Amino acid sequence: MDRVSWRTQVLKNHLTQAPSPETPSLSPTPCLNYSPPELAESTHFDTSEMRKLLDGHNLQERDWLYGLMIQSKLFNPRRLGGRVFVSPDYNQSMEQQREMTMKRIDYLLETGVFEGWLTGKTVEEELRKFALLEVAGMFDHSLAIKLGVQFFLWGGAIQFFGTERHHVKWLRDTENYVVKGCFAMTELGHGSNVRGIETVTTYDQRAREFIINTPWESAQKYWIGGAANHATHTVAFSQLNINGINQGVHAFIVQIRDADGNICPNIRIADCGHKIGLNGIDNGRIWFDNVRIPRENLLNSVADVSPDGEYLSAIKDRDQRFAAFLAPLTAGRVNIAVSAIYSAKIGLAIAIRYALSRRAFSIAPNQPEVLLLDYPSHQRRLLPLLAKTYAMSFSANHLKMIYMKRTPELNKTIHILSSAFKASFTWHNMRTLQECREACGGQGLKTENRVGHLKSEKDVQSTFEGDNNVLMQQISKTLFAEYLAAQKRKKPFNGLGLEHMNGPCSVIPQQLPSTVLRSGHFQVDAFHVRERDLLNCFAEEILQRQARGEMKEHALLSSYQLAEDLGQAFSERCVLENFLEVEENSPAGSLKDMLALLRSMYALTCMEEDASFLRYGYLSTENAAAVRKEVAILCSELRPHALALVSSFGIPDAFLSPIAFNWVDANSWSSVQH
């Protein structure tokens, strides 16, 4: 009996009250019986080895901190569906969330988590700090940001902008939370444009003190994490005016509260108020009313003022001094890029596990309903994002390692890569969380299931530490400068991975069968063709505008569309090359084969999604269709490995959510009574 006839018979029997042997008896259906996906899904590669590639370092320390958090009541453990889950209680008021953040920090301090975070001298100690901060952020973004302000912004400013006298006085007390610091750079009137901040500092030669002042309302410090409630000190960024000459932006240590928490004289502080996320952070606003600070509170690694008021700096050029001030701040962008990928991992692990146990609709009468992840459309929604997350995870590790090995010669590379990855990865994270939220249906709306709330918690990443669109234009501006330098010197490109510009341009084949599309050589060639052509077009457009009399800066701003295309091309090419390096360094076997599948999914998804490949003719319409078809095939090939791929993230069950496991029991009446 076909489905239409069957439905007609059911309706007839219902209306005539006649019994029907065709009507199935009421009984539990497969969609109402949770079945762990592990029972049906097999693993074809070593997930522990894959986790080593993804996390990169300090796996034991990560697992140690996961355990510390899961076992403490401070991390809000709840039992649902026979499992314990930890996540912040977002039903708490803003004030309660802030106090819980500090209580959790006190607990982590007591258990030795922060040991060596500022006083450690080795790369190993710095990697441990990054790893443990990443784990903290997987529990709660507010907790990670609060720690980031204390150790990377306030503490990092003292480390990098200060000298020995500052290190001795402040670093250990900061590590032990005797001093609670914040970082006052952003103002109401200036965010990304740090050079334009309006706070002014002058020097009183007789008293040998600096006087820091907020001259008008747009100069108030804004969004300063920690300022509203807890911080005792801040690093305040200000224009330094010596003898009537503005020497540019400098950094000063200013005490804003005493040991009892009272606001210091001539300091005014207000709360920024409730936010769409991060309410565990006490963001505040600060006004300085001619506050006097000791001369020694100038962080003087780049420039100093002598007791008699003479301005001293080995760097005479103001632009170079400004760049030297900003160079150490790349740690913030490194952290944000990495944090975004761990957030995407949480969303994907939850959504994919749910899709491997939740069923919807049957495709034939009396047949079981179909698992969500067995629908090709559902695979298409999640699996390309999974491959991108893998690719970006490897590049996040690469970025961390070059940051650890930083030298003055690497500063430009670190700045450009951290800007590119910060923008690309945070945009990817927001898109991934939205797709995962929708893929979980109504369950994705529940705060306890994490995905929806992670969106509001992570939204800020697109704008803090640099607006993503501005960062993309900065990248293209740097690439343009490299182009001009190569033309002027008549020397090859050297650095930023632009060496591919030196040889002949690659040619994309007219026919793209599957074997070619999946070739790493072809994928790199395609990405090189795009980046090379976009850089040439971008440079040509700017030079033409300048030839017509436009100022260089105006020409750069007017070419923003090409600038954004070029920034994306640069970022995606770097990610692909880093992925290939991980793949090439892996021994032959099932793990390497899986990496090849993921790499092809990443590369072809980028080619499908970026209109540049069609807009500028790098792919014909026929080849673009072939790419799209291949992505669908790759989805079906990755589907059997989906559970193993998210299991390789190494995220403890407690850090996921109830719908990732037995969502029937977690929503049962007994769970309500409990």
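Every residue, even glycine, has its Cβ placed from backbone N, Cα and C.
Database features (TrEMBL):
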ACT_SITE  Glu465  active site, proton acceptor
BINDING   Thr186, Gly225  FAD binding site
DOMAIN    182-291  domain 'Acyl-CoA oxidase/dehydrogenase middle'
DOMAIN    329-479  domain 'Acyl-CoA oxidase C-alpha1'
DOMAIN    523-656  domain 'Acyl-CoA oxidase C-terminal'
Stretch-averaged pLDDT - the domain 'Acyl-CoA oxidase C-alpha1' (329-479):
94
Can you name the residues of this chain that are 6 or more positions from Thr186 (FAD binding site) yet have a C-beta less than 8 Å from its C-beta?
Lys221, Tyr222, Trp223, Ile224
Please list residues from the chain of Gly225 (FAD binding site) whose Cβ is under 8 angstroms from its Cβ, counting only those at least six apart in sequence.
Ile145, Lys146, Val149, Leu153, Cys182, Phe183, Ile281, Asp282, Asn283
Counting across all protein chains, other CB atoms within 10 angstroms of the CB of Glu465 (active site, proton acceptor) number 26
Using DSSP, what's the helix, strand and coil tally for the domain 'Acyl-CoA oxidase C-terminal' (523-656)?
111 helix, 0 strand, 23 coil
